[in-house]
Amino acid sequence: MLDNQLLRENPQYVATQLLKRGFQFDAVTFSQLEEKRKALQVSTQSLQNERNLRSKAIGEAKSRGENIEPMREEVNKLGAKLEQQKTELDEILKQIEVISLSLPNIPHESVPVGKDELDNQEIRKWGDVPAFSFPVKSHDELGEALGQMDFALAAKITGSRFVVMKGHLARLHRALIQFMLDIHIQQHGYQEIYVPYIVNADSLLGTGQLPKFEADLFKLTGDNGYYLTSTSEIPVTNTVREMILSAEQLPIRYVCHSPCFRSEAGSYGKDTKGMIRQHQFEKVELVWITKPEDSYNALEQLTQHAEVILQRLKLPYRVVALCTGDIGAGSAKTYDLEVWLPSQNTYREISSCSNMEAFQARRMKARFRNPDTNEIQLVHTLNGSGLAVGRTLVAIMENYQDEHGNIHIPDALKPYLGGIDIISVK
């Protein structure tokens, strides 16, 4: 959510900034609603004051034994008019809130201006793209040939966009989770956190998934209003909702492994085969809570921490700065890490690292006390995948395949697999 004061005082500036995203904000309509709000608030307060004065006068007249019926009728008329104006004011406030909750974040000045992913800017590359002397296979072809990845069985159990993994591939998948957690905890200093995988609407509103992106979520039946979490960013970031932190507590740096559940409502026909885009997948998430002045340095660190995982696994990747037309709604600035997939002959997203600035904190009322001014200020929140586990498995399978369809294990993962160094076709 954007700053209400900024919206009220300079809606045209907001409209200009959001237009960089391709988002149309009707500043004129918003300003008209604001004028109505201010007029109704002044009028309502005036009526309230007048009714209070007349009610007091009735009490004084009654104590003197005077006839108060004419005065009571006037107060009742004022009361009816006051209730009508309160109803009108409530409706205006609801309209303003609906607009405010629909607005995306203002992009940081360093974000490249562009329309879509074609306008994203490559920042750096790491690693050499492998050259194969044989026709490469996709991860799903490799996994099915190994007899350890079964999409048909998953479709039978549930439906499309699910997978069943068995044997060494399932073990490799689990090893990746432990490897990522160990690196982030032991070397990067994150605190591990375990959170619910089911969240309520308040949590989703706080991090920005609601109300705009409900179609992307799995909502549970029943009266609780619960949803399956689409990313552990949601429950982890909400651990500071409605809190006033001390400056000494910042930065907070959490790492969390969780399953994620997404309906992929807008991805019909995209990545229909394999594990690239699934309804259920695992992710190791990094979340930072910082002071405002520290958040952009934190974004660079968070991104580098995610990069370390790819470097340890010796997977070629690149870092891309997303343009204004491609960053997520709540983000002020985002770097994507894209890993090389030989079967597609291209880089694919494996992590998205974002600075949300105060966008989520304002919704969550997540604050800290500034020791220099003693003022209560909003924190900044950041998040990034460190990494998406399934896509990391995909990248290993494709980059470490040989001509026989075997998968060689990266050196960094061998200690987690009890000496297994190759997953072989039998």
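From the backbone N, Cα and C atoms, a Cβ is placed for every residue, glycine too.
Take the CB of Thr231 (L-serine binding site) and look out to 10 A: across all protein chains shown you find 22 other CB atoms. Positions annotated as L-serine binding site by Swiss-Prot, on the basis of sequence analysis: Thr231, Ser232, Glu233, Glu285, Ser385.
The ATP binding site feature in Swiss-Prot is assigned to Arg262, Ser263, Glu264, Glu349, Ile350, Ser351, Ser352. Within the same chain, the residues at least 6 positions away from Arg262 (ATP binding site) whose Cβ sits under 8 Å from its Cβ are Asp216, Leu217, Phe218, Ser230, His279, Phe281, listed in sequence order.
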Proximal residue to Ile350 (ATP binding site) among binding-site residues Thr231, Glu233, Ser385 (C-alpha distance): Ser385
Where Ser352 (ATP binding site) sits in the secondary structure, as DSSP reduces it to three classes: strand
Separation of alpha carbons, Ser232 (L-serine binding site) and Ser263 (ATP binding site) (Å): 16
DSSP three-state assignment for Glu264 (ATP binding site): coil
Neighbour count (Cβ, 10 Å) for Ser351 (ATP binding site): 29
Entry from the binding-site residues list Ser232, Ser263, Ser352 having the most other CB atoms no farther than 10 A: Ser232
